[in-house]
Every structure is written in structure tokens, then in C-alpha cells.
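Novice: Straight from TrEMBL, here's the annotation block:
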REGION    1-23  region 'Disordered'
COMPBIAS  1-20  compositional bias 'Basic and acidic residues'
REGION    58-79  region 'Disordered'
Amino acid sequence: MTKAELDQRIAARPKPRAELHLTPNGWEANDVRRQIDQESERRIRHIDERLKIARENFKDSHTRALERGRAKQDFDRGR
């Protein structure tokens, strides 16, 4: 699960288009397409949530590292 996969899945979302005929493809074909679209949307939500969590963890870790560096610098300055 990567940002590239998320972008690829978002780009692969079906785009509605006007059709010049009214011939249905059958309920089975529609059902299969709907299931595939639902699975893709579920995967997009999952990847997006995981990326948000990773981004938040990175920001927290980075902030803590900066604070530790400042504390060490202040301690060394006081010697």
C-alpha cells in the first residue's frame, strides 16, 4: 500500500459517460461491476487511512526528535 497505488486506484475509478443506446448488459454484469467498484473504493479508503496514520506518526516522531535535540543542546550549553 503506497501513495502510488492510491493514485493509480483513484485514476482507475470509472468515469460516467453518456451512452447512445439503452441496451442493458444484464444484471449479472452490473452486479459484478458494482462489486469490483466497491472493493476498489474500500481499498482506497484503507490506503488513505493508513497513509494518514503514517503521516501523523512521522510528524510526531519528527517533533519529538527536534525537542530531544533542543534539550540536549540546552544542556550542553549550560556546562
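Even glycines carry a Cβ here, placed using N, Cα and C.
Unlike curated records, TrEMBL annotations are generated automatically.
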Novice: Give the residue counts of the compositional bias 'Basic and acidic residues' (1-20) per reduced DSSP state, in the order helix, strand, coil.
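Specialist: DSSP classes over the compositional bias 'Basic and acidic residues' (1-20) add up to 9 helix, 0 strand, 11 coil.
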Novice: Counting by DSSP secondary structure, give me helix, strand and coil numbers for the region 'Disordered' (58-79).
Specialist: 21 helix, 0 strand, 1 coil
